[in-house]
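Feature annotations, courtesy of TrEMBL:
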DOMAIN    189-310  domain '3-oxo-5-alpha-steroid 4-dehydrogenase C-terminal'
SIGNAL    1-27  signal peptide
TRANSMEM  69-89  transmembrane segment
TRANSMEM  153-175  transmembrane segment
TRANSMEM  187-205  transmembrane segment
TRANSMEM  267-291  transmembrane segment
Amino acid sequence: MPAGLGAAWALLAAAFLAALLLHRAQAGRPGGGGTASGLFQDLIRYGKTKSGGGQRPAWLRRFQVPKRWFTHFYVVSVLWNGFLLIKLFQAKFLGAVLPPWIQRLHSAFGRDLQNQNTDSEHFSALLVLLLLWLHSFRRLAECLCTSVFSNGVIHIVQYCFGLGYYIVLGTTVLWQVPINVRHGKESSVQICWYHVLGIVVYVWASLHQHRCLVILANLRKSKSGKVVSLSHSIPFGDWFERVSCPHYFAELLIYVSMAITLGLDNVTWWFVVTYVLFNQALAAVLCHEFYQKKFTSYPKHRKAFVPFVF
């Protein structure tokens, strides 16, 4: 059922594209609203962009949790995807058999076709799981040690979605592994050009994302590193010179690097990349609008998400 898995990611991507288009349509009709519109804006906004959705009724505020709970997403990802990484490593290199419940999930959703490049595909999936785990671990460390969270909030639906997202994401990688790894067969390592290219893009994007997150955190810190403010300021430096949300653009590039690492021909993962594209584009547009509204001196040449494009 890999086609069904890809369709699910495609449907999710389409939902966020629709949300982006609907938001732009509502933005072009000032004064429009109502309960449905307010609920929609509350569901797509979080953190500083909540203020752009207008006055929120008291009943909506009951369904919010602190934005700093983003940290929980990465805790879940480190634990779950670390578990999957260990199990896949054992299956590939130690001849171990994946747990029965994972095998049953594979039978329902995973790939059953085998080809001449199974060793490469096994190694590709293992690399992507490793990259995903490293990304989650870095983001967890940044949430705990770098980022300075204000009193921003997220909707409880967004919070639950985020918790489940990284579980489904890592499982999606595992489902791309051909069937023979599930029977405890040992295999060799076959490093291909796309593994090297994918890792290079991943490291490049990750470095820029970290730099941008440090820039954002430093806006609220003194030179000694002490937090002195929770207000928002205009960020400058690195990719901020071109876009309002370079850390979102870097996130997209990280997922593209994983698509490269999988060999560029994994349709399911490209649907994942498409979802990330529209998800991050929506968040970037909301942040861009916030900056433009709050700061009259905001640089006019900056795009929201993709340099020179969008």
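Just so it is clear, glycine is given a Cβ too, placed from its N, Cα and C backbone atoms.
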Of 153-175, 187-205, 267-291, whichever stretch has the most CB pairs under 8 A to the transmembrane segment (69-89): 153-175
Beyond the flanks of the transmembrane segment (187-205) by at least 6 residues, Cβ under 8 Å: 92, 117-120, 122-124, 127, 131, 135, 181, 250-251, 253-254, 256-264
Confidence summary for the domain '3-oxo-5-alpha-steroid 4-dehydrogenase C-terminal' (189-310), mean pLDDT rounded: 95
